[in-house]
C-alpha cells in the first residue's frame, strides 16, 4: 500500500529513458497507479516526463496528466502534437477534457477538435466550455447514468450495463421523464434490492437534491457538504438533467478556498507553491509588501508628529514596536475568526452584538496584558509609575480599537460582496500599526503633557 | 433545493414548542432533511432544541445530533436520559456512536452501554474505542459489505441484500477469504455487469488500496486524496478486514487541518468560532498575545540600547514600526509558503537550495522596496541622502534575514516532528521584530556613527 519513490528508482528510470529502453520502462511503469506515476514525473525533467507520456498508453496518461501540477501539464502538452492531445482528451471525462481544452491556444484548440474521433464527446466538451468556470455548469461532467421512469427494473439493469461502460464511478442512477426532466434518483443498492418485476416509477426516490447550471461553485460545495452528498445532479433552466458533479471536484474546491484564505492572511496574493519560479513568487508577494511599505511611511509620519516628546520622554519611542505589534496581532486574531465564521457560514446575528462581544473579550485580554505591561515597565524596565501607567493605558485602548477594526472591516467587506479574507494579513496589520501609534502618542501626550 | 430559514419560521417553531403542540411540530419538521433541522436547532435555545430532539424519531435525531456543533451536542445529551442516549446510539453508524460515547462521563458511559439492545453494535463500539482518535482505527466504521471469495455472483447478490440494510452507502464490496483476510474488492457496477453464473473469485479486483488500524489520520487523508478514493478498507495487524473509512470523514479532517493552520497563522491556539463564549475565545487568544508582549519587552530593550542615537539621529526611531512591520510581513510570507508546501507534501529537495532561492527572491524584492524607501525618505520625508541610504540598506538586510528565518524555522520544526504552522503568526512576527530592529540600529550605528 505504502508507495515511496526512492532516489535510486528515479535514477533508474532516468537511465532507462536515456537509453530509450522502452520495454524495461513499460515493465516498471505499466502496472503502476497513475497517481504514483504522476509523483515520479514531478521529479523528472520536462523532456523525460514528455518521453514517458508519449510512451504510455493514452488511457493511463490521460489520468496522469490530470494528477500533475497545472504548470507542468501545460508544458508537457506543448510538446505533444494535436493528434496526441486529442488521444488524451478522448480518454478523459468531459469535465477534465474541458479544463484541458479551455487552456489551449485558439489555433491548437481547433486542431485538437478536428482530431477528436468521438463526436458526442466533442459536443459535450463544446457544451461545457460555455459555462463559467466557477459555476455548477463549469464543474459538472456529462458522464452519468440515467434511466427513464417508465422502464422496468430488469430493463433498467440491461440499459445500465451499457451506460456504465462510460462512467468511472456510479454514485447514483438518475431518473428522468420522457422529456429528460430530472424526476428523482435511485441508488445501485435500491436497484439490487428491488423486486425484479417492479417498475422504476415504483421504486425511485423523488426527493433529490440538485443544483442548476448557474449555481455558484461555492453554493454547490456548501450544499454537498451540508447534505453529505457524494454526487449531485445538475439541471438546465427548464429542469432537464444535463450533468453531475462528484465529491472529488468539491474536495479540490474546498482545499483551494482554504488555501486562498490562508495565503491572503499571510500576504500572498496568488496561488503559489514553494517550487514556483522566483518571478511567480515575486509577483505574488511584492504587491502586499509595497502596500505595507506605504503604510510604514504613514507610520513614520505619525511618529514624526510627536517629535517634541523626544526631549523629555524619548523612551516612549522605544515602546512603538511593542504597541504596533500588539495592535497587529489583536487585529489579525479578530479578523481571522470573523473570516473563518463567514467561510463556514456560521456568522449570523447583528453586527452590533458582535462588536460588543469583541469589546468585552478584549477588555478582559487588555486588562491582563496591561497589568503585565505595567509591572514589566515599572519593575523590569525601571520606568516610574506614571510612565508605566501611561503605556498600559495606551495598550488597552489600542487593543480595543484594533479588535474593533479587525471585526468590523471583514463584516463590512463581506456585506459589500468583497472577499473578507482581504481584511486579514498585511492590510489589517498595517492599518492597525498606524492607528495604534496614533492612539498611543495621543494618550501619552494627554497624560504626560508634551 | 434552496433551503433558507426565515425568522418567521423560527418564531413559529418556538411558539409551537411553547404550546407543546407536538402534532403541528411534527408536521413541520417530520419530513425535513436532518441537516436542515440541525440548522434550525442552532437558532433555538438549549431547552427548545432538547424538546425537539425528544419529540422526533431517534432514527432522525441520531443524524441531527451528528450535524450540530459539538458543544451544543454535549449540552443536549446532558438533558437526555441514558435510555434516550442509547436509543440515539443504536441508530448511529459505529464510528459516530463511538465519538459520542467517548465524550460521555465514565458513569454515564456504563449506563448507556447497559441500555444498548443491539449487542453486536455495542461490541463494535467497544472495539473502536480502543483505537487512537487520530488513527485509521479511530476514524473507521464497522459498517461495510463483505463477501467471501468462494461465493457465486448470485449467492453474493442475495447476501448483499441482507448486509446492505445496515450500510447507508455502498462504496465498494470487499472480498475476503475464509479467515477474513482482505483479498480485494468489487464495485456494485462490476457485480451488476458480471455474468450471473460467475464466481466472485473470477471477477474481483485484487489490487486494492488499504490502510491498517494504526495508520495515522493524516496518512489516510493523503492516500485517499492521492488515489481519489471514496472509501478505503482498514485491516488489522494480520490483514483481516475490520472496518472502512469513507470520504466524508476525510473531508472533515482536511477542513479541520486547514482551519488549524489558518488559526495558527492568526495567533489563535484552539479551534474557536465567533459564536464561542468569551472565556473560550480568551483562552485561545491570550497565550499568543502574552508571548507577543514578552517579545515586545525585548524589542523595547533593544531599542533602548541605542538611546545614544536619539540626540543626533532621533528620527531613526520613527522608522522602527516600518522596519518591524516589513520584517514581520516578509517572515510570514516565507513561512506560510513553506508550511503550505509541507501540508501539500510538495516540499522536497535540499534545505540549502531552498534558502538560496529565498535569498534570491528577497534580494529582488528587497532592491525594489529599498529603492522606493530611498526615494520616499529623501523626497517625501525630506531626509538627506546619507540617512535615506542608511534606512534603505537596513531595510534590504532586514528583508533578507527575515525571509531566511521564515524559511528555515518551519523546515526545522517539521524535521523535528513539531507542527511547522507554529512558525507562522505571532511567533515569527515577534522574533522578526526583534531581529529586524537589532539589524536596523546596528547598520545605522555603523553607517552614521553614534
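Every residue, even glycine, has its Cβ placed from backbone N, Cα and C.
TrEMBL does not curate its annotations; it predicts them automatically.
Checking TrEMBL for transmembrane segment across the ranges B:252-273, B:318-339 points to B:318-339. When the stretches B:286-306, B:318-339, B:386-409 are ranked by Cβ pairs under 8 Å to the transmembrane segment (B:421-444), first place goes to B:318-339.
For the transmembrane segment (B:286-306), the residues of the chain that approach it from at least six positions outside its boundaries are 267-269, 316-317, 320, 324, 425-427, 429-431, 433-434, 437-438, 441, 444-445, 450, judged by C-beta separation under 8 angstroms. Secondary structure of the domain 'CBS' (B:140-203) per DSSP, as helix, strand and coil residue counts: 24 helix, 17 strand, 23 coil. Residues 322, 326, 330, 334, 387-389, 391-393, 395-396, 399-400, 403-404 of the same chain lie 6+ residues outside the transmembrane segment (B:359-380) yet bring a C-beta within less than 8 angstroms of a C-beta in it.
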